[in-house]
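Database features (Swiss-Prot):
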ACT_SITE  Ser150  active site, proton donor
ACT_SITE  Ser151  active site, proton donor
ACT_SITE  Tyr165  active site, proton acceptor
ACT_SITE  Lys169  active site, lowers pKa of active site Tyr
BINDING   Ile28, Asp74, Asn101, Arg134, Tyr165, Lys169, Thr200  NADP(+) binding site
Amino acid sequence: MGSIDTPPHLPYRLDGKVALVTGAGRGIGAAMAVELARCGAKVIVNYARSSSFANAVVDEIKSLGSDAVAIQADVSQVSQTVRLFEEAVQVFGGLDIVCSNAGVVSFGHLSEVTEEEFDRVFSVNTRGQFFVAREAYRHLNSPGRIILMSSNTADSFTVPKHSLYSASKGAINTFVRCLAKDCGDKKITVNAVAPGGTVTDMFHETAKDYLPNADKMSKEQILQIVANVSPLTRCGYPIDIAKVVCFLASSESEWVNGKVLGVDGGAA
């Protein structure tokens with residue numbers, strides 16, 4: 001009897017899938033978008049303000065042989081989030097994966113935090129992500145993937161003057177556990193990644209808030225200090241987070257649900 005040749009299974013492939021990544025114009029979001037495309041997905045590249053960065057990501061994705069479009073929307077505004085999803089499902093005929101990456105950083109001692117700063121941080125990092133998840137549930141194909149963005153500072157890695165940001169991300173950890181229950185009827189999994197310090201194009205701008213006297217250090221000195229926080233003695237980069245996101249987006253992650261995956265090299 002002749003054997004029937006079957007092609008080998010290639011893990012983490014996303015061929016035929018459509019992904020939406022919020023805050024995908026630069027940094028971790030851009031790396032997510034490109035890596036999802038590298039795995040075969042078509043990608044909606046969301047951005048709030050800078051179309052030039054988003055269009056550069058679209059061009060890079062197209063150079064890989066996949067397809068992408070950029071759509072502007074500020075996810076701190078629920079009406080714009082609703083519009084984003086309505087437009088996104090029209091582009092490639094549906095959505096299979098939603099990655100909520102848009103966020104803002106904040107530093108301030110308890111005595112200095114204003115109502116305006118509180119609202120700014122929570123409107124994007126917490127409220128914004130919640131309503132991205134709501135619209136994802138409404139629009140995702142079944143089975144689907146929702147991947148939210150937390151932080152290692154939301155749990156066991158505390159930083160002075162970082163309470164607003166940390167708490168805004170801590171809420172995401174609770175969302176993930178609860179929303180996984182709500183989304184089960186559509187076979188949609190809900191997880192989050194929790195990066196540590198990650199070297200992006202904005203890394204050195206924010207280092208002064210994380211490290212004492214960073215304004216007096218060279219870039220090399222800052223990188224060495226950050227590398228030593230991890231037992232692996234290296235810095236984290238956007239691609240490190242993007243690879244984990246691609247796993248969570250794939251069929252291989254089907255039995256991972258309601259979890260927050262730390263991606264910080266063991267720093268926390």
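Any Cβ shown, glycine's included, is placed from N, Cα and C.
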Ser151 (active site, proton donor) versus Thr200 (NADP(+) binding site) - Cα distance in angstrom: 15
Subset of recorded positions (Ile28, Asn101, Arg134, Ser150) lying within 10 A of Lys169 (active site, lowers pKa of active site Tyr), CA to CA, in sequence order: Ser150
Under 8 Å by Cβ from Ser150 (active site, proton donor), same chain, sequence gap 6 or more: Lys169, Gly170, Ile172, Asn173, Val176, Ala192, Val193, Ala194, Val260
Recorded positions: Ser151, Thr200 - member with fewest neighbouring CB atoms within 10 Å: Thr200
Rounded to the nearest Å - Cα separation of Arg134 (NADP(+) binding site) and the residue listed as 'active site, proton acceptor': 22
Separation of alpha carbons, Ile28 (NADP(+) binding site) and Ser151 (active site, proton donor) (Å): 12
Cα-to-Cα gap, Asn101 (NADP(+) binding site) vs Tyr165 (active site, proton acceptor), nearest whole Å: 14
Pairwise Cα distance for Tyr165 (active site, proton acceptor)/Asp74 (NADP(+) binding site) [Å, integer]: 18
Recorded positions: Arg134, Lys169 - member with fewest neighbouring CB atoms within 10 Å: Arg134
Among the NADP(+)-binding set Ile28, Asp74, Asn101, Arg134, Tyr165, Lys169, Thr200, as the record gives it, the longest Cα-Cα distance in Å: 29
Recorded positions listed as Ile28, Asn101, Tyr165, least Cβ neighbours within 10 Å: Tyr165
